[in-house]
Amino acid sequence: MADRRTFNVVILGLGFLFIFTAFTTCGNVEQTVVKSLQNNTFTGSGYHSLGIIYGVFSFANLLAPTVVAVIGPKCTMFLSGLLYSGYIAVFIIPSTWSFYLTSVLIGIGAAMLWTAQGHFLVENSEASTINRNTGVFWALLQCSMLFGNLYIYFDWNGKTEISDSSRKNIFVSLLVTSVLGTLSFLVLRKSHHAEELLSEEEGQSLLSPRTMYKQRANSAVEDAKLEIRTMLQLLKTKTILLLSPCMAYSGLELSFYSGVYGTCIGATAQFGESAKGLIGISGIVVGIGEIVGGGLFGLLCKNNRFRRTSVVFLGLLVHFVAFYLIFLNIPDDAPVVFYTSSQSKPYLAPSVSIALLCSFLLGLGDSCFNTQLYSILGCVYAEQSAPAFAIFKFIQPWRSSTAGTSC
């Protein structure tokens with residue numbers, strides 16, 4: 001049973017590794033790609049797209065536990081992966097309507113994906129293994145920051161504009177990667193507990209298959225209603241209320257490092273011809289920070305309240321240093337400049353070393369918050385994992401969508 005659970009956690013992490021290699025790379029470069037489009041009919045904005053994604057994501061989390069209860073986490077993650085692949089495919093032949101339509105669809109898919117992931121991870125963990133499994137999953141997930149961004153660096157280094165052929169090559173590769181990740185979810189096995197319940201039900205029932213199916217469907221609907229009631233009850237609990245500011249902040253900094261900071265680096269004129277290539281290097285360094293944090297805090301920290309508090313405060317300190325250095329090192333017009341490089345001068349002479357140090361600190365700090373949030377929710381709400389993680393993903397994107405649309 002332990003081997004099956006470990007297998008499921010590793011395959012889950014690999015599936016997310018492939019899907020988010022595609023999606024994270026896409027989010028990191030999409031505003032730069034949009035600015036370089038040689039298409040006068042396309043009027044979309046990467047920032048607005050991310051705002052729509054996280055806004056829809058937030059509200060879709062209210063229904064996500066219902067979907068997971070009805071069709072199960074495995075099927076939910078597979079269907080969600082298809083929506084992620086559709087969003088990436090839009091960039092091969094971009095149009096404004098399909099760009100924003102798939103932004104809405106991927107927001108729905110993201111809510112389903114992350115709620116199912118949290119439920120599946122807890123289902124395959126125990127109190128003694130939740131920290132280890134969270135760390136393994138988080139480290140595999142954050143490896144997604146490495147590969148796509150490495151491709152971006154080698155392909156874009158020295159370029160001031162992104163050609164149509166270069167864009168198509170990148171997004172075809174990302175589409176294939178996303179589809180592979182989606183297909184990997186089909187390899188996931190049922191947990192030992194789920195198999196026992198299924199075999200017991202089938203062994204005891206003398207009803208026809210059609211009647212059994214109807215009973216299961218009715219049971220799923222009742223489970224869905226229970227999930228919604230449970231989520232409303234959990235929203236009032238002390239633990240969720242205390243964790244809410246941390247959840248909201250994790251959404252704010254996520255939107256910054258995944259959609260804004262790379263664009264800022266690429267638009268900094270003082271970095272010269274290497275600016276566009278540095279977008280990929282920055283994403284890689286963020287990923288290294290995430291992997292270091294996931295391994296260190298997810299696998300090595302003991303499961304007690306003192307260490308969790310220490311890790312969260314370390315993340316707060318690390319991010320304070322990162323944001324202050326970014327404020328000094330990056331021109332203030334870098335996030336919003338469209339057709340040219342930034343014209344303003346920051347307080348310090350822009351330094352590539354400082355910019356990449358900030359990327360590492362952003363990733364390290366993010367892992368501090370997220371590994372502990374996952375661990376706390378998995379331990380405290382082991383029996384209500386789907387609604388608990390749905391609440392997490394409902395609160396988290398509020399700040400993401402605000403940051404995305406304001407840019």
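Glycine residues also receive a Cβ, built from the backbone N, Cα and C atoms like all the rest.
Feature list (source: TrEMBL):
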{"type": "TRANSMEM", "residues": "7-25", "note": "transmembrane segment"}
{"type": "TRANSMEM", "residues": "45-64", "note": "transmembrane segment"}
{"type": "TRANSMEM", "residues": "76-93", "note": "transmembrane segment"}
{"type": "TRANSMEM", "residues": "99-122", "note": "transmembrane segment"}
{"type": "TRANSMEM", "residues": "134-154", "note": "transmembrane segment"}
{"type": "TRANSMEM", "residues": "170-188", "note": "transmembrane segment"}
{"type": "TRANSMEM", "residues": "239-257", "note": "transmembrane segment"}
{"type": "TRANSMEM", "residues": "277-299", "note": "transmembrane segment"}
{"type": "TRANSMEM", "residues": "311-327", "note": "transmembrane segment"}
{"type": "TRANSMEM", "residues": "347-365", "note": "transmembrane segment"}
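Here the transmembrane segment (99-122) has long-range neighbours at 8-9, 12, 16, 42, 44, 48-50, 52-58, 60-61, 63-65, 67-68, 73-74, 76-77, 79-84, 86-87, 90, 130, 133-134, 137, 188, 374, 377-378, 382, 385-386, 388-390, 392-393, meaning same-chain residues at least 6 beyond its ends whose C-beta is under 8 angstroms from one of its own. Counting only same-chain residues 6+ beyond the ends of the transmembrane segment (311-327), those with a CB under 8 A from a CB of the stretch are 246, 253, 261, 264, 293, 297, 301, 347, 354-355, 357-358, 361-362, 364-369, 371-372. The transmembrane segment (134-154) shares more Cβ pairs under 8 Å with 277-299 than with any other stretch in the list 76-93, 170-188, 239-257, 277-299. Contact between the transmembrane segment (170-188) and the transmembrane segment (239-257) is absent: fewer than three CB pairs lie under 8 Å, with pairs separated by 6 or more positions in sequence.
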